[in-house]
């Protein structure tokens, strides 16, 4: 994958437009989770150190296109950046017809989704973005799977289009895990439905040596193996699909599970052997014996890809399976990559972020890359690098 990299460019005196993913949760005008902003800071600092005039853009939320909405304004992000960088970061609402920026300046553009034509990737808007800069830097892996004006169109028309350090690191890490993984490779794919992760499961079945499944996905695989799953969430119409996937790759199944009679924070958890699951039981986690077996398997792996908690970890009584596997990944010498919103929440809960080799910032983009799909915003950077 050959793309121009921002780190290799001379940016002194250049106008640089950086597309970041600053789509963070905001409540009462305050940023609630700053992970994406923190991830973007090194790129912004580097551009300033290189002597550029820096303009940063992003989307936030899902406003009606072409209309300003206060709740989707990047104002709280501008305030956060000002504190983090120790300098005022002005938020510019009117920028499409040109802005005055000089070397050492840093400005944040208002939500790109307030601009008509952003989501449709309209040429007219993309050309306006491109006219603002000498160099366009795509650094938002989380939106790389969307061909929009500020992620794809601008890269077509800008004089120079490059990948930022964050995007480059994501592509390197995913390439290492999926392109030529050190073996044995284990993948953990968990979630409520096989249907939403079907392409991920099929793709990984052709790459990894062991495919650990969790959540509702595991229940469908258990049913495919002839086990009773009680009133657990599972997809009867995908039992044959689960069998086909299990025929391609080793899918170790739980030998014991944690069940409850209801899905609630106050639900009483009971550990049962898989053969003892009753008709009115809901499987809400893997059991301790299974967790120990899966942990041993992870400890011997050289590459681990993790997407999704294996139980309802938000309720502590159904979180032990996820905690055990999270710690096994953290303790492993393997190259480990984790991605997906719930996965990141589990990593935070168990305090293991420093011990995962790479944590992906992109949810949908992470999954689409794993599925083997082309990410439009990356593809255009490759095309531009070829000249």
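A Cβ is built for glycine as well, from the same backbone N, Cα and C atoms used for every other residue.
Taken from Swiss-Prot as is:
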| type | residues | note |
| --- | --- | --- |
| BINDING | 21, 22, 23, 36, 59, 60, 61, 62, 113, 146 | substrate binding site |
| BINDING | 197, 314, 340, 341, 342, 343 | ATP binding site |
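Cα of residue 343 (ATP binding site) to Cα of residue 113 (substrate binding site): a span of 27 Å. Here the Cβ of residue 342 (ATP binding site) has 18 other Cβ atoms within 10 Å, regardless of which shown protein chain they belong to. Taking every pair among 197, 314, 340, 341, 342, 343, the residues listed as contacting ATP, the largest Cα to Cα separation comes to 21 Å. Taking a C-beta cut-off of under 8 angstroms and a sequence separation of 6 or more, residue 59 (substrate binding site) has the following same-chain neighbours: 23, 111, 112, 113, 118, 143, 150. Fewest other C-beta atoms within 10 angstroms, among the binding-site residues 21, 314, are seen around 314.
The distance from the Cα of residue 197 (ATP binding site) to the Cα of residue 21 (substrate binding site) comes to 24 Å.
Ranked by Cβ neighbours within 10 A across all protein chains shown, the binding-site residues 61, 340, 341 are led by 340. Each residue contributes its Cα atom, and for residue 314 (ATP binding site) and residue 21 (substrate binding site) these two points are 26 Å apart. The two recorded residues residue 342 (ATP binding site) and residue 61 (substrate binding site) have their Cα atoms spaced 19 Å from each other. Residue 341 (ATP binding site) is 16 Å away from residue 61 (substrate binding site) when you measure Cα to Cα. Of all the binding-site residues given, namely 23, 343, the one with the smallest number of surrounding CB atoms inside 10 A is 23. Residue 21 (substrate binding site) and residue 341 (ATP binding site) are 14 Å apart (CA-CA, integer value). For residue 113 (substrate binding site), the count of additional Cβ atoms within 10 Å of its Cβ stands at 24 [all protein chains shown].
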